[in-house]
């Protein structure tokens, strides 16, 4: 009757490499392994110890079960990825022109004063603000200013001028970012009707 219900079940006593661990456990528990012609007594003792413990040296023992790498190799690959990223940044910075290098250094050094950001946020919200929120807001403000400055530099380059950024370039950059919907609304609202 088992042959009808389970037609894929093999009657051989030998185990192939593709068999599951559960199948090995059940066959060793039922005593079918003792009748095997291919195993020698030395391997039976080792195999009995492995089956009784449930351990198998050929299987993954790191506990996550989803990959074949141990946990210490995953940490190593994460460290390697961080090191590769650092090397890429070093190559990129080494290929900067003098102007780009100065701009990059100023960007790295620049930050909004946290006390001023905290005071501004507390006056707007009317409640106390934690230090983590202040750090996040100063980072967001730095990214926002970076986008405006980048767009202003594009405007200046498109108009064929060079030198320091002037207010007219920054105003044009803000206007362009508003038309691209990449600028928060703030006080500026587009008119509902246009009279032309």
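Just so it is clear, glycine is given a Cβ too, placed from its N, Cα and C backbone atoms.
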Which one of 16, 67, 162 shows up in Swiss-Prot with the note phosphoserine? 16
Filtering 14, 30, 128 by Swiss-Prot annotation phosphoserine leaves 14
